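Undergrad: Structure below; questions to follow.
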Amino acid sequence: MASIVTAPHALVGDSAPEAQSLVHDRDVERGEYGTFANTDAKVVLDSWKDSPDEKELVYSRWNATTARLAESATLAFLFLQLPQIILNTKNLYAGDFAALFAVPWMGQLTGLLGNLSLLSYFATKKERGAMIVQAVGCVSTLIVLMQLAIAGAMPLPAFTATATAVVLGFILNLLNYQELLRPSIWQMWEEAVTIGGVTVLPQVMWSTFEPVLPHSMLPSIVCGSTIVTMIILARMGMLPEKVLLCMGGVSAWTATLLFMWSPVAQMWTNFLNPANIKGLSSQTVLLAMIGNGLLLPRALFIRDFMWFTGSFWGCSLAGEGILISMYIYECVSPALFWIVSLGYISWIVGMLWKDSQAYRLPSILSPFSELVTGSRQYFG
């Protein structure tokens, strides 16, 4: 796929790449450089001055490489849902509709909401690779929900409303990406996504611990009412500017937290009932790890703290963390565990090294520092 290469001057930071002369000015004035004769030196030096800076090329190449890596993550995330889609199709053809009731449609719907929220976020940032990943997530999850609706495992009105929201979201995001959408319409869409995310997230977190906590809809009611009130106040111009800036990233952060919470719920389930670990698929864990790992370099390169946090969490907890629990209970071979673990560490170290090279940073840990402090901003 084609990718857009951004020039180094699109960055704000102390060590942004700058054009540097390959020789000193005094050498040019004297017409001397090495063993070249005076008459030929000017021609050689002029050609050197016109050639692109090698360090600038390192930046441009890594920029293009991270974009391609993010786009290639689509395959890993596609295969995450593909086994479930195939299994559901077999059960539908066999007439075994009861088997599809084992797939919780509310959990699938929550993931779909997260994909839609992040799709809107990356459409605003013009990050095509991340947009494709979220779009594939939306489509594959919608297919699973359609199968559940056919089997009667999901109410038909709920599926109809969901499908309508997905189609509408795709159209609006595409128009916004092409800058063909009115800002007022996009604002309404973002507000709707924000309300949905803030309402669902606390309820999902609460329900994880319902064996310990009593069943209650209070978290979603309180948080949903609060965010609706804040949006109304924002429309009326009654909120401070700092609060408005924070609200701008609420939908993306809630979507990220939804995905981040999934492995937490899985780890909690493993803690309560270790026997469930045997039902986990190491292939699924590895696919999630690979997909998030391919997104990490791009998230770090553009200094997107939210994106990096979600992807790093997906690799570390949803991938390595669950793999450790499977290794402890002897559900994966030691060879697989150590190969994956060492490969993951090598990938992180290599990513930091390449990023520090691209930005000419003094330390391999400097990219982390810039990411957390926000001292460098990327304008693609």
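Cβ coordinates come from backbone N, Cα and C, glycine included.
Annotated transmembrane segment per TrEMBL: 69-87, 99-123, 130-150, 156-176, 188-206, 218-236, 243-264, 284-301, 308-329, 335-353, in sequence order.
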Undergrad: Determine which recorded stretch among 69-87, 130-150, 243-264, 335-353 has the most C-beta pairs below 8 angstroms with the transmembrane segment (284-301).
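TA: Between the candidates 69-87, 130-150, 243-264, 335-353, the best contact partner of the transmembrane segment (284-301) is 69-87.
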Undergrad: How about long-range neighbours of the transmembrane segment (99-123): same chain, 6 or more residues beyond its ends, C-beta under 8 Å?
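TA: Residues 84, 88, 91-92, 130-131, 134-135, 137-138, 141-142, 144-145, 147-148, 151, 153-154, 158, 162, 165-166, 169, 172-174, 176-177, 189-190, 193-194, 196-197, 200, 204, 251-252, 254-256, 258-259, 262, 306 contact the transmembrane segment (99-123) from elsewhere in the chain.
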Undergrad: To the transmembrane segment (243-264), which of 69-87, 188-206, 308-329, 335-353 is linked by the most Cβ pairs under 8 Å?
TA: 188-206
Undergrad: Taking a Cβ cut-off under 8 Å, which residues six or more beyond the ends of the transmembrane segment (308-329) line up next to it in the same chain?
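TA: Distant contacts of the transmembrane segment (308-329): 256, 259-260, 262-264, 266-267, 270, 274, 277-278, 280, 282, 285-286, 288-289, 291-293, 295-296, 299-300, 337, 340-341, 344, 371.
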Undergrad: Looking only at the recorded stretches 130-150, 188-206, 218-236, 335-353, which one has the largest tally of CB-CB distances under 8 Å to the transmembrane segment (69-87)?
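TA: Maximum Cβ contact count belongs to 130-150.
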Undergrad: Which residues, given as numbers and ranges, are at least 6 beyond the ends of the transmembrane segment (188-206) yet have a Cβ under 8 Å from it?
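TA: Contacts with the transmembrane segment (188-206): 110, 113-114, 116-117, 120, 169, 172, 213, 216-217, 219-220, 222-224, 226-228, 231, 247, 250-251, 254-255, 257-258, 261, 265.
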